[in-house]
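Colleague: Copied straight from TrEMBL:
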type	residues	note
REGION	1-60	region 'Disordered'
COMPBIAS	15-35	compositional bias 'Polar residues'
TRANSMEM	87-104	transmembrane segment
DOMAIN	91-536	domain 'Major facilitator superfamily (MFS) profile'
TRANSMEM	131-154	transmembrane segment
TRANSMEM	161-181	transmembrane segment
TRANSMEM	187-205	transmembrane segment
TRANSMEM	217-239	transmembrane segment
TRANSMEM	245-267	transmembrane segment
TRANSMEM	336-354	transmembrane segment
TRANSMEM	374-395	transmembrane segment
TRANSMEM	402-429	transmembrane segment
TRANSMEM	441-461	transmembrane segment
TRANSMEM	482-502	transmembrane segment
TRANSMEM	514-532	transmembrane segment
Ligand SMILES: O[C@H]1[C@H](O)[C@@H](O)[C@H](O)[C@@H](O)[C@H]1O
């Protein structure tokens, strides 16, 4: 049962002046260790006893969180409140090339379909075009089911590199296709790559990111994604009238994938994956390069801590382990709540209609005499990109929950206005063609254009971006499988919506369809209001404590606020800016 109002965390703030905070590790009970650092956190001693506290209320720089009814062991969360290192940036940019390929490969097809003509040995029917478009989503759906488990078994990096191989095979099959089915085989194989990349890239980034900017770094993947869609539409418009232009369009997708593969030859996997595999030396090496200047013993202890928190799933062979992981995902209440949130958000992202709207916008814009559908796609996907950039700045500052709760009502409003405008514009569907009774430059047509752009903006700000933060919801041992469920939900939703949208327009009219999406957006707002806690600024491991005995919205907001204040204070004081600090989660 969800408890949204009562915080189930008893939060006790301990007070330590900066001067008193002098690199002392204190064991508070059998299980918990605390430590404080001053400007030179180099000498550490350990003793048993209670934490020594100052009563200076203003100077609290540590927080104890005490989950109620916690049966688990104590966990000590070591946090590096450092600026971002070039190494983390490089890893983020290389991983998010997968985001670009997701966007480019799903984006170029609508332009390619315009210029393929008879190049595949026959005139493509509407149904043929639907099959070619859906093949990639189907491939992504299939591979995303297995990608999470594969990432746990083989590693995040090898899986991304394998997706590069699939991208190359898929692209070559398409470039050389002279038959319909070869084209589809290429699109399907490319889809396998898209599914793997769409799951593992955000997972990789969230595992290497410092907590205060984890949201932002993960949004870089979404920026590349929406940027990839925009570039695909741009290139598509440019190559529309070039002979075999669509083959060039597909060929261009080889560049990023070959680049990502080559970069990864020289880059490591995530520390959390190395810890999972018991490869502590590599885990330390990555942390050292990620957190320049971090004292060696803190690196050691971070690895110890990750090891402690990585309760590995038992099982005599891989199959039993995977089965036990699935069981753990469903039977552990925190994991199950995480699953509800992750799958819920991905379903909302797809079922509120964005992707179908991207296709349909061409027809809608035609109603006001705007006949260039490529230009239309560029405007709509450009808005998507620009507001993903806004999300980039807002996601850690304002918080994930806040931007979702702004975005969804905005979408509801924009879709409702579109539904009303459609009623007055008079569109009918005959077969697969839209027949507009009031064509030309009408006021209602303009209203529709404006509010579709408004819809795109609110969508990109919140639900277009936040679901891809899914990895932060799950602990390491079930992260792969949990994110697989969520990513598969995304691709299943995308398939269902793409294949039912036209039927909906025909059977329940555009007004009915948009009103339906508006209703879903409103229901989604209620879901997020009651079930989505604020996770910005929390360590990946802290999220578990939040979800342990409810969705804990209130407690999560308070904790996120405290974390932000702590970091602001540290940066203001300019004392611990480049030093590790440590916080305690205690049972
Ligand atoms: O987050 C992305 C983004 O919003 C894209 O524009 C959309 O096409 C994808 O389906 C979605 O997963």
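Every residue gets a Cβ built from N, Cα and C, even glycine.
No curator has checked TrEMBL annotations; they are predicted automatically.
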Colleague: Let me check one thing: do the transmembrane segment (336-354) and the transmembrane segment (217-239) come into contact, meaning three or more Cβ pairs under 8 Å with sequence separation of at least 6?
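Modeller: No, the transmembrane segment (336-354) and the transmembrane segment (217-239) are not in contact.
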Colleague: Excluding the flanking five residues on each side, which residues at least 6 beyond the ends of the transmembrane segment (217-239) place their CB within less than 8 Å of a CB in that stretch?
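Modeller: Same-chain contacts beyond the ends: 84, 88, 92-93, 95-108, 110-112, 114-115, 201-202, 205-206, 208-209, 245-246, 248-249, 252, 374-375, 377-378, 381-382, 384-385, 388-389, 391-392, 395, 460, 464-465, 468-469, 471-472.
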Colleague: Okay, the transmembrane segment (87-104) and the transmembrane segment (187-205): do they have at least three CB pairs under 8 Å, pairs separated by 6 or more?
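Modeller: Yes, the transmembrane segment (187-205) contacts the transmembrane segment (87-104).
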Colleague: Six or more residues out from either end of the transmembrane segment (514-532), which same-chain residues have a Cβ under 8 Å from its Cβ atoms?
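Modeller: For the transmembrane segment (514-532), the nonlocal Cβ contacts are 2, 4, 337, 340-341, 344-345, 348, 351-353, 400-401, 404-405, 408-409, 411-412, 415-416, 418-419, 422, 463, 504, 508, 551, 553.
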Colleague: Mark yes when the transmembrane segment (374-395) and the transmembrane segment (441-461) have three or more Cβ pairs under 8 Å (sequence separation 6 or more) and no when they do not.
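Modeller: With 3 or more qualifying Cβ pairs, these stretches touch.
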Colleague: If we skip the immediate neighbours and take only residues 6+ beyond the ends of the transmembrane segment (402-429), which ones have a Cβ under 8 Å from one of its Cβ atoms?
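Modeller: Residues packing against the transmembrane segment (402-429) from afar: 348, 352-353, 367, 391, 394-395, 435-438, 442, 444-445, 447-448, 451-452, 454-455, 457-459, 461-463, 465-466, 502, 505-506, 509-515, 517-518, 521-522, 524-525, 528-529, 532, 534.
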Colleague: Tell me, what is the mean pLDDT of the domain 'Major facilitator superfamily (MFS) profile' (91-536)?
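Modeller: Per the prediction, mean pLDDT sits at 91 for the domain 'Major facilitator superfamily (MFS) profile' (91-536).
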